Amino acid sequence: MSSTTTSLAYRHRIPVGTLPVWQVILLGLVTAIGPLATDMYLPAFPAIDRDLGGGPGSAQITLAAWLAGLAVGQFSQGPISDRLGRRVPLIGGLLVFSIASVGCAMSHDYHMFCMWRFLAAVGGSAGVVVPRAIVRDIATGVQGARIMSQLTLVFGLMPILAPSLGSLVLSFGHWRWIFWIAVIYGVLGVIAITWTLPDTMPREKRIPMSVSNVLWRYVTIVREPMFLSAALLMGCSAFVMFGYLASAPIVFEHILGFTPGQFGLFFGINAAVFITGAQINARLVHLVPLHVLLLRGVCFSALAGALFLALAIAGLAGPAHPVLVCVMISLVTGSLGFVNPNATVLAFTRHGHHAGSASALMGTLQFTVGSLSGALLGCLPMDTVLPMVGVMMMGITGMLACGLWHRRHAEAG
């Protein structure tokens, strides 16, 4: 790192317990690389199938390559950020994401496209891991939950905007333009971080990195019940959300008969409900203990999920009453706005000295558990809303079990 870059990194230290609004927005936009790069190219699947010669359904494999890259990248980014600080891995990851996105935009071979998507995800995973570690560096407890809820607000806007943006790009140009936009997004992120974001991890706190050191650190973290219960709770939350996302196009457009425009409108409304839940949570963390607020969110999700399942079995939540399906989904996903920020902060409570590794392990567990819902739905007949509701309820049941486990250890001190 040059002396100029180093001076920029340390010229202004962020006071402990605070994060300026513009830096929250910046970190939220960096974190949003995941949903941007996932959701924006979904409308281009038919064109990608046709142009790259992979055959019908091959675009789904490119999505699997992206998700696999996220899992691998998150597992490695945490220890790297604990060793090198937060800025260098974040800048390096965004550079890899940008270069690999150029490869995606210029690929004419299906297998090369999959390789570039995998590499883009490995780089982009820094945007998932490092911002959470930055929040843990400067704040814990109530203040950490408040900042995490603010990040959720910015991050949550991307699932609303990305599919519509992808469709808009396709209406004016080629699907490759989507990846050129991703390149620009990544480069702007590199510039903004390089010139405006200090490193929140002092050199004296950085941890030497070796294979044995990294593995022992992961073992130490995962053996701590407060972390493991909260991280698995986040995984079950992702199981619920991925189950909804994986089945939503079929449920809404084929079973409920929504037009693409109506589906896009509900998709946006539902994301807004999730954001609203996170912002209400940001106000309540000053009044209610975090572990209590977390369990209340989980219990509300369980009640909403159980009611949704009963209505679906009775035939009331289905094609005859599509609005009821929308309301019940919004109740479930809205409750996750109370769960995710608090579970994230509580998982890091005892791991501030290696927050990067803890963030990476949480992300890997979250993705691994969450991705199982899509695989499960692929084995079920999707002719009613019941498979979606059943899979979501499985995740909610796991959330409830992990929430009760976490409460026991939180109350024990």
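Cβ coordinates come from backbone N, Cα and C, glycine included.
Unlike curated entries, TrEMBL annotations are predicted automatically.
These features come from TrEMBL:
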| type | residues | note |
| --- | --- | --- |
| DOMAIN | 23-413 | domain 'Major facilitator superfamily (MFS) profile' |
| TRANSMEM | 21-38 | transmembrane segment |
| TRANSMEM | 58-76 | transmembrane segment |
| TRANSMEM | 88-108 | transmembrane segment |
| TRANSMEM | 114-135 | transmembrane segment |
| TRANSMEM | 147-171 | transmembrane segment |
| TRANSMEM | 177-197 | transmembrane segment |
| TRANSMEM | 227-251 | transmembrane segment |
| TRANSMEM | 263-281 | transmembrane segment |
| TRANSMEM | 293-314 | transmembrane segment |
| TRANSMEM | 320-339 | transmembrane segment |
| TRANSMEM | 360-378 | transmembrane segment |
| TRANSMEM | 384-405 | transmembrane segment |
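Long-range contacts of the transmembrane segment (88-108) within its own chain (CB-CB distance under 8 A, at least 6 residues past either end) are made by residues 1, 30, 33, 37, 51-52, 73, 77, 80-81, 115-117, 119-120, 122-127, 130-131, 176-177, 179-180, 182-183, 186-187, 189-190, 193-194, 197, 356. Proximity of distant same-chain residues to the transmembrane segment (360-378), defined by a Cβ-Cβ separation under 8 Å and at least 6 residues beyond the stretch ends, is recorded for 67, 70-71, 74-79, 81, 125, 128-129, 132, 218, 221-222, 227, 230-232, 234-243, 246-247, 344, 347, 387-388, 391, 394-395, 398. Three or more CB pairs closer than 8 A are found between the transmembrane segment (147-171) and the transmembrane segment (263-281), so contact between the two stretches is assigned (pairs 6 or more residues apart).
When each of 21-38, 114-135, 293-314, 320-339, 384-405 is scored by its Cβ pairs under 8 Å to the transmembrane segment (58-76), the top-ranked stretch turns out to be 114-135. Of the two recorded stretches, the transmembrane segment (320-339) lies close to the transmembrane segment (227-251), with three or more CB pairs under 8 Å once pairs fewer than 6 apart in sequence are set aside.
Among residues of the same chain six or more beyond the transmembrane segment (293-314), those with a C-beta under 8 A of the stretch's C-beta atoms are 233, 240, 277, 281, 284-285, 324, 328-329, 331-332, 335-339, 342-343, 346, 384-386, 389-390, 392-393, 396-397, 399-400, 403-404, 406-407. For the transmembrane segment (177-197), the list of distant contacts is 5, 8, 22-23, 26-27, 29-30, 33, 36-37, 40-41, 44, 87, 90-91, 94-95, 97-98, 101-102, 104-105, 120, 124, 127, 165-166, 169-170: same-chain residues at least six beyond its ends, Cβ to Cβ under 8 Å.
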